[in-house]
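*Asks:* First, the structure itself, so that you have it in front of you.
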Amino acid sequence: MENRAVLLVVAAAWLLVDGSAGLTFSSRLIHRFSDEAEVLWASRKGNAQGRSWPRRKSLEYFELLLSNDLKRQRLKLGSKYEMLFPSEGSGTMFFGNDFYWLHYTWIDIGTPNVSFLVALDAGSDLLWVPCECIQCAPLSASYHSMLDKDLSRYSPSFSSTSKHLPCSHNLCKLSTNCKGPKEPCPYIAEYDSENTSSSGFLVEDKLHLASVSDHATQNHVQASVILGCGRKQSGIYLDGAAPDGVMGLGPGDISVPSLLAKAGLVRNSFSICFDENDSGRILFGDVGFATQQSTPFLPIAGKFDTYFIGLEHYCVGSFCLKLTQFQALVDSGTSFTYLPAKIYEKIVLEFDKQVNATRINQSESNWEYCYNASSQELHSVPTMRLILIMNQSFMVNNPVYSVPVNQEFTVFCLGLQRTDNDYGVIGQNFMMGYHLVFDRENLKLGWSKSNCQDIGGEQVHLTPPANDGSPNPLPTTQQQSIPKTPAVPPALAGRASSNSSVAVPCQIPSWLCLTSSLVMLLCLCAGHLIRSFFDL
């Protein structure tokens, strides 16, 4: 009996060894820039999406390899800081009509550092400040009743850390206008507001930032950024808007969030938060909360050059209107929200039908839908809700702005404007009461309800939403502003495809099943042999 057991174990072991001897795993290694890789890329991506393939052992070939190595190193090391914010604090400010209804923050630039009050603009890329002025807005506090000190003017020659960006630099877009590669790179930033622009030359200097450690102590950080020495401004920049400069927060390579992420200082993401008290927060590297809602950014002409999102439906009250699908630019540099003309007409008519208040004629105003309401009627204003791609719901906390007339009555107007473009603009008034995360790393916009409060001095802490309930309405006293949106191409791109995680059944190879069976048989035989030994 024992001999038969031993023979069975030996036979099973022989089968296992003999079977496994034939199991040889191999994998072909293909260089990322080989001819074979180019063919594979083209077959999967379709003509390689116009991608130029580097010639083997050329300068471009080695530069691409080095760039890939650096990216891998940054991925391994991670970001140096969890979040960064301006050294003067993460807070943002709002001054109403005096500064064109935009949100601002103080930043410090250069060595020694000089303070600038810059407008926050997610619709453009460039950071620029008044500098060596030929035509700039007045900077004296006497021109700005909301300020208690003069605004600043930047001078590269007074900063020991500044240097001109040469025309040969890869971020110099107007190099064709240069006489030589070492000349300072010129820039012209044009905006959608009529005749509004800033021009000058580009400079590299230090932006002063701060982070908060686990022990609630501040770490001061100096980051190299590229900024425009704005010698000549025009349009609304001479009429009260952003007299001390603009910080572009767009996806372009030259924007502050892009440069901070490329340097490995923070994640490629940032957040802004505007509360009902006309203040808020800006945080670089913030990726938000795991519980936040999100919707993907959409490419325009195949590129993610702006923060476009897709809207499937627009709801007024409990009624979601049909054929209200459009794309919209999310832009903190625009005060109010703009809808394509056909969509606008549907929305305002439905709002007018549902609102329980008396419409008034504002002949001298560009606001079409204004009402005279009692305090009780004001609290029954129809809600507005945006249904975004992937069926995400964005509740507008307060779609109107109001101006008290007396103790009994208030005039309020619907904070929407029409645009002749085929895309809309989500402006600041729809962002109120939300912590908005521009996650450029994962190409999505995230949001969660927030009061934008910080805890413990400069220690930034955004409180996540306790529940899904809507906060109290956020009444404002905003009036009409001139829209300031960057020039962007029409929204022609289709919907971004959403990659869902689909469970795929695992197929077990037959050789693995055979091997597992033999191992099990071997274990059973060994157990039987051991029992027989002890029976002796």
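Cβ coordinates come from backbone N, Cα and C, glycine included.
Heads up, TrEMBL stuff is auto-annotated, nobody curated it.
Copying in the features that TrEMBL gives for the protein in this structure:
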ACT_SITE  ASP121  active site
ACT_SITE  ASP331  active site
DOMAIN    103-448  domain 'Peptidase A1'
REGION    458-493  region 'Disordered'
SIGNAL    1-22  signal peptide
*Asks:* Between ASP121 (active site) and ASP331 (active site), what C-alpha distance do you get in Å?
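*Replies:* So the Cα of ASP331 (active site) lies 7 Å away from that of ASP121 (active site).
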*Asks:* Taking the domain 'Peptidase A1' (103-448) alone, what is its mean pLDDT?
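*Replies:* A mean pLDDT of 94 is what the model gives the domain 'Peptidase A1' (103-448).
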*Asks:* Going by DSSP, give the three-state secondary structure for ASP331 (active site).
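*Replies:* Reduced to three states, the DSSP call for ASP331 (active site) is coil.
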*Asks:* Near ASP331 (active site), how many other Cβ atoms are within 10 Å of its Cβ?
*Replies:* 28
*Asks:* Please give me the CB contact count at 10 A for ASP121 (active site), counting all chains in the structure.
*Replies:* 26
